[in-house]
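In Swiss-Prot this protein carries:
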TRANSIT   1-52  transit peptide
DOMAIN    78-177  domain 'AB hydrolase-1'
ACT_SITE  SER152  active site, charge relay system
ACT_SITE  ASP249  active site, charge relay system
ACT_SITE  HIS279  active site, charge relay system
Amino acid sequence: MAGVGLAAVPAWVPCRRWGLAAVTFGFHHGLSTLLARKTERAPQWLRACRHKTSISFLSRPDLPNLAYKRLKGKSPGIIFIPGYISNMNGTKALAIEEFCKSLGHAYIRFDYSGVGNSDGNLEECTVGKWRKDVLSIIDDLAEGPQILVGSSLGGWLMFHAAIARPQKVVALVGVATAVDGLVTQFNQLPIETKKEIEMKGVWPMPSKYSEEGVYRIQYSVIKEAEHHCLLHSPIPVKCPVRLLHGMKDDIVPWHTSVQVADRVVSTDVDVILRKNSDHRMKEKADIQLLVYTIDDLIDKLSTIVH
């Protein structure tokens with residue numbers, strides 16, 4: 001995989017803005033040691049994620065209104081794209097907001113159609129419709145160059161956004177990136193099970209993150225998702241890409257991020273693995289790694305611009 005860096009243990013350099021350490025990538029010192037910083041030195045965004053920004057709504061003709069929260073600030077802006085049926089108030093979304101506040105960077109987080117405070121019927125939502133949601137946020141709300149941070153399904157959608165808006169999307173950060181995830185999981189089912197789902201029209205997909213223990217996904221949603229698969233050919237994204245993944249992820253195997261890295265055309269791609277992290281990657285060390293990765297990209301982009 002020429003140009004692809006696989007780093008289970010990032011190295012560190014002093015950060016110019018708030019005195020801790022920012023991530024660089026390569027096989028160097030142990031990550032657990034490097035992340036074991038004293039809490040008293042941690043920036044405010046790591047100590048507490050305060051939910052202060054007011055909710056706004058993006059009105060769209062013939063499409064559901066989208067709930068969002070926005071911080072005005074400098075470029076590049078950051079947009080957080082949540083996971084499947086996740087809203088904009090998750091741990092990662094709030095931590096990134098506090099990080100952006102501390103540096104004065106623009107930031108947007110939002111709810112998909114049919115999720116959270118946004119309008120729309122979840123049962124009618126598809127990968128294609130959520131892709132349109134992301135593009136609406138980029139086109140109608142974001143100003144200037146943007147770093148997209150996608151979690152799980154959001155990681156799949158961020159690649160579609162980068163392909164559709166290459167002039168505006170300048171870097172990608174994926175967390176447990178689930179490119180083609182819905183289709184891949186369905187295709188791994190036994191033939192008899194797939195036939196039964198097709199006949200009934202609903203897939204009760206098991207999930208420990210659902211209160212019912214399953215997500216009820218329409219068969220039509222799975223078939224529609226097939227039109228948005230990316231792993232069957234080179235992914236035409238040329239910007240810097242960072243893919244963070246937990247090796248204990250039992251929803252989207254970490255090998256998926258390696259496969260994505262291999263498919264991406266960009267030569268500036270790093271896969272960063274956390275040995276003991278799960279799919280959600282929401283522990284303190286995971287969040288530190290995420291924001292340090294974003295900070296490193298901001299540094300990199302500033303160097304390129306200037």
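Heads up, residue numbers simply count up from 1 along the chain you see.
Backbone N, Cα and C atoms are what each Cβ position is placed from, and that goes for glycine too.
The two recorded residues, SER152 (active site, charge relay system) and ASP249 (active site, charge relay system), show a Cα separation of 11 Å. Taken residue by residue with DSSP, SER152 (active site, charge relay system) is part of neither helix nor strand, so it is coil. Helix, strand and coil counts from DSSP across the domain 'AB hydrolase-1' (78-177) read 42 helix, 23 strand, 35 coil. Long-range C-beta contacts of ASP249 (active site, charge relay system), restricted to its own chain and to partners at least six residues apart, with a cutoff below 8 Å, comprise ALA176, SER277, ASP278, HIS279.
Classification of HIS279 (active site, charge relay system) by DSSP places it in coil, neither helical nor stranded. Neighbour count (other Cβ atoms within 10 Å of the Cβ, all protein chains): 24 for SER152 (active site, charge relay system).
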